[in-house]
Structures are given as structure tokens and as C-alpha cells.
Amino acid sequence: MTDATTIQKIEKGFAKLQASPECHSLLKKYLTKEVVEELKTKKTALGATLLDVIQSGVENLDSGVGVYAPDAEAYTLFKRLFDPLIEDYHNGFDAEQKQPATDLGEGKTAELEDLDPEGKYINSTRIRCGRSLEGYPFNPCLSEENYLEMEAKVQKVFNEIEDAELQGTYYPLDGMTKEVQSQLIEDHFLFKEGDRFLQAANACRFWPKGRGIFHNKDKTFLVWVNEEDHLRIISMQKGGNVGAVLERLIKGVKNIEAQVPFSRHERLGWLTFCPTNLGTTVRASVHIRLPKVSARPDFKKICDELGLQIRGIHGEHSESAGGVYDISNKARLGLTEFEAVKQLHSGVKKLIELEESA
Ligand code: ADP
Ligand code: CIR
């Protein structure tokens with residue numbers, strides 16, 4: 001049973017969302033009075049409450065989504081909030097639907113031809129997926145010992161990678177100089193620090209302990225450790241060769257999953273801290289310059305209709321710079337990994353056609 005102070009905070013949070021005309025988050029949309037009443041006393045086995053789920057969106061009224069799952073059980077225990085929100089975000093994936101079996105696209109990457117062989121539009125292509133280590137909850141429920149133990153576990157995995165292209169070095173954040181860290185962030189390789197959405201969700205405790213980045217020599221294969229998710233596995237390179245980027249990601253995922261088991265949910269697929277990443281966990285993106293199309297007033301609408309999301313040059317919650325946008329697949333649940341990448345591929349192909357005919 002949740003204590004009275006927490007219940008009060010939940011009720012105050014609900015009132016704050018309701019009273020805020022500038023808040024348009026999915027949290028506000030689906031946290032109704034009835035949902036609050038039903039869920040405010042519930043607690044997961046690890047002690048997480050509805051407050052842990054909603055506090056980021058309550059503190060950050062400009063959230064697009066506003067919720068995180070403190071542990072895997074939260075997705076079930078608080079499903080009256082999560083289910084409609086997931087359905088809204090992931091293209092109508094309803095409570096009866098099930099994530100299909102994993103299909104990363106092995107043997108099919110050649111179908112994804114280079115989107116920009118002449119290098120006219122696309123600066124770079126990146127595909128990432130998230131993974132949670134089996135047996136550990138998400139950030140708000142992790143202890144300092146958990147972080148260090150998980151880091152040691154994956155570091156061992158990195159050291160044992162045999163594939164020559166993927167081999168590299170793990171750089172812990174603890175002890176990294178500010179210059180190196182800032183340069184890695186600036187160059188789009190490393191996660192940023194002090195994300196207020198994650199901080200409010202209690203996801204940055206013991207920072208920088210247990211956090212870090214692994215990358216190969218060319219920085220085309222990278223793994224983020226214990227930022228938003230336990231692992232973010234990333235493949236990226238200059239240009240628009242989506243197939244080559246996916247091929248390397250598949251190799252990387254297979255190398256790592258051969259050594260550590262990951263948490264998968266019967267209905268929701270690969271488990272992640274944020275419900276926007278459930279299922280495939282795949283965000284395939286290009287950094288692209290489309291001067292004519294991006295100047296159109298209906299640019300966002302065109303992207304929406306293609307199942308694409310627009311982000312700024314430094315990722316989520318950042319602005320475009322020099323006319324470069326980060327365009328990626330929006331939905332990650334209810335389709336396979338290969339389909340998610342194909343959504344990006346066919347959508348961007350269409351955007352380039354529009355640019356060329358404008
Ligand atoms: P995530 O992709 O993991 O959800 P962000 O949106 O914060 O998180 O992006 C993480 C970093 O990856 C940012 O620095 C962003 O600019 C970079 N990034 C994303 N897509 C590309 C791309 N196609 N090319 C180069 N960097 C990219
Ligand atoms: C928001 O609601 O805007 C933030 N909590 C981020 C939501 C989705 N992004 C993500 O998972 N990286």
C-alpha cells in the first residue's frame with residue numbers, strides 16, 4: 001500500500017497537469033481522475049508507485065509523453081495508464097495486440113539500397129536499439145551496486161567480442177575528461193548529460209557511476225551503458241547506406257546477445273524504460289538536409305503521414321541547425337525490427353523524391 005504522502009503527491013501532480021493549458025503530453029491525456037483513483041495506492045514488488053511513473057511528466061510540462069516504467073511490473077500493474085498511451089503512440093497497438101517475433105532483417109539488408117549515393121542530402125545514418133539485462137529493474141530501482149555490477153558484466157562482454165570490425169574499447173564516464181565527453185556529445189556519439197526528463201524520473205542517480213560508452217576504432221559501432229536503458233546498441237556511418245548500417249547493427253546485437261540474456265515481454269517485446277521504445281526498440285534515423293521540403297508549412301504533417309518523426313540536430317528536444325533534421329521511424333511496437341527500418345527507408349526515399357520534384 002502506498003503511503004499517504006506519495007498519494008498526496010500523485011493527486012497534486014494530477015491537479016497540476018489539469019491546470020496547465022500549455023501541457024499537451026500523452027500523460028495528461030490519459031491520466032484521468034478514474035485512473036488516478038484506481039492506481040494511486042498500487043505498488044510493484046520492488047516498491048514503485050504511480051508517482052514514479054508520472055513524475056517526469058509532472059515536473060516537465062513540455063513532455064511529449066511524460067511517463068517511464070520504473071520496473072517491468074509497472075507496465076502490467078499500471079496498464080490502465082500505459083495501455084492507452086502505448087496505443088496512441090505506437091500507431092494503434094491495442095491491449096490485445098502482441099509484438100511479433102524478432103526479425104532484424106538478417107539476409108535482407110541488401111533490399112535497402114543507399115538512399116543518397118551522390119551524397120546530396122544525407123550527412124549520416126544511424127540505427128539504434130535498446131536492451132535491458134535480464135534480472136535487473138530500470139533506472140529508478142537500481143542500486144549503486146547494481147550499476148557497477150552491470151557495467152562489469154557488459155565490459156567483459158565487450159572484451160570478448162571477436163569480430164574485427166566491432167572490436168573496441170569501453171570508456172567509463174566516471175573519470176572521462178570534460179573535453180573528451182563534450183567532443184563525443186558534439187560529434188553525436190555519446191548521450192548528453194543532465195537530461196531533465198530523465199533526472200525527474202530518478203534515472204540519473206549515482207551518475208556517472210556505471211555509465212559509459214563502448215565503441216570500435218571508427219566509431220561506427222557503439223554501445224551506451226546505463227543511460228536511459230541498460231544498453232543502447234548503435235550502428236552509424238556517414239552517408240545514406242541504410243542496409244550497411246543495419247548489417248553492422250545485426251552483427252553487433254548477435255555478438256552481445258550470445259553472451260547476456262535480455263528481458264523480453266510476452267506482449268510488449270524487448271523491454272525499455274520509456275514506453276515509446278518498447279517492442280523493436282529500433283530508431284533508425286538520417287541526418288538530412290531538405291531545404292525545399294523542410295520549409296513547407298506542412299513538413300511535419302508529411303512526415304507524420306509517412307510514419308516519421310522529426311528531431312533536431314542533437315536528438316530529442318533539440319533544434320535543427322544549418323537546415324539539418326534528424327528524421328526517424330516513429331513507431332517501434334507492433335511491427336518487426338526490419339519493418340521499422342523499412343519505414344524509415346521508404347519514408348526518406350519519398351521525402352527525397354518530393355525535394356527533387358519541388
Ligand atoms: P536516441 O536516438 O538514442 O533516442 P537522441 O535522439 O538523443 O537519442 O540521439 C542521440 C544522439 O544520436 C544525438 O547526438 C543525435 O544527434 C545522434 N544521432 C541521431 N541520429 C543520427 C544520425 N542519423 N547521424 C548522426 N547522429 C545521429
Ligand atoms: C518526453 O516525454 O518528452 C520525454 N520523457 C521523452 C519521451 C520519448 N523519448 C525517449 O524515450 N527517448
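A Cβ is built for glycine as well, from the same backbone N, Cα and C atoms used for every other residue.
Automatic, uncurated: that is what TrEMBL annotation is.
Here is what TrEMBL says about this protein:
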BINDING   124-128, H188, R232, 283-287, 311-316  ATP binding site
DOMAIN    9-91  domain 'Phosphagen kinase N-terminal'
DOMAIN    121-358  domain 'Phosphagen kinase C-terminal'
Pick from R232, R311, H314: which of these binding-site residues has the biggest number of other Cβ atoms within 10 Å of its Cβ?
-> R232
Of the binding-site residues listed (S124, S285), the greatest number of other CB atoms within 10 A surrounds the CB of S285
The mean pLDDT across the domain 'Phosphagen kinase N-terminal' (9-91) is 98
